[in-house]
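A.B. asks: Shown below is the structure under consideration.
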Amino acid sequence: MIIVGVDGSVTARAAVEWAANDAFRMRLPLRIVHAVDRTPYQISKYPERPDALLLEGARVLREAVALVHERRPTVEVTTRQVEGTPATVLQEQAEEAAEIVVGSRGLGGFAGMLLGSVSIHVAGHARCPVVVVPGGRRPVYGEVVVGVDDSPECEPALAYAFEQAALRGATLRAVHAWQLMVPAFAMDAPYDVEELRATQHEVVGAKLAAARARYPQVTVVENDASATPVDALVEASGQADLLVVGSHGRGALGSVLLGSVSRGVLHHAHCPVAVVRA
Ligand SMILES: Nc1ncnc2c1ncn2[C@@H]1O[C@H](COP(=O)(O)OP(=O)(O)OP(=O)(O)O)[C@@H](O)[C@H]1O
Ligand SMILES: [Mg+2]
């Protein structure tokens, strides 16, 4: 089952469309979830009068269902209205899901903010893949981008990316960004940069080769970039339908919820981003 969170915002609408398309591709049922958050309003439940928040939530859910019916009439769709803070509700819902989809923004926040607190929380906590969908229309590019490094953490992301590329009949661009993190003046560093680069290339190539063998139908483009991973991935996202990253990569502390690369691309990517936990 795929789960999508809705709060009535335009961006959440984009998330519903994305989720409906993915449910169609993956042949999975779709559950639309709305969390009824009373805390900001300090509203108590008066049994004698209809609850405005619940009525509004029901309306938001009806609208989302109508959108799914319109776009993907064959997708099986259910709804849930759950009381609680949206971040917690969605994290809990994700326990039963194959994937959870949220918008990059919602109704709150402020103009110019790139990522809402609910999407950040879900991307950091859900155990299943999390897809964060930005608002706005984009053309179809026929390309899925995946970030790869030499860590085992990127393997589930690779598998997810190959699966998405195969389902979409899209090309898979595997971006490996690599830069030596030394100050520019330390040019007489005691290691051979080219040799290090070649070793990196080999390790990443071997990781890709294993996945390629399982998906011979997917065309793969390998992209070595001499840039920071965030810069390279954000640039590639400009021509992509989906950007896939692991939640952590080489160098990230096990204790942090999201590595700096996943966090960076979530904020700046031009296309939907899938964060896949190891
Ligand atoms: N009450 C909710 N119920 C279900 N899903 C929600 C709810 N609120 C937000 N979401 C999901 O999370 C996405 C991002 O919204 P989020 O709340 O993080 O951003 P925001 O409202 O702009 O900022 P913030 O709430 O942090 O001030 C939404 O597009 C939606 O998919
Ligand atoms: Mg919000």
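Cβ atoms here come from the backbone N, Cα and C positions, even for glycine.
Summarising the annotation, TrEMBL assigns domain 'UspA' to 2-134, 142-277.
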A.B. asks: Counting by DSSP secondary structure, give me helix, strand and coil numbers for the domain 'UspA' (142-277).
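C.D. replies: Going by DSSP assignments, the domain 'UspA' (142-277) contains 57 helix, 27 strand, 52 coil.
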A.B. asks: Would you report the average pLDDT that the model assigns to the domain 'UspA' (142-277)?
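C.D. replies: Summarising the domain 'UspA' (142-277) by its mean pLDDT gives 87.
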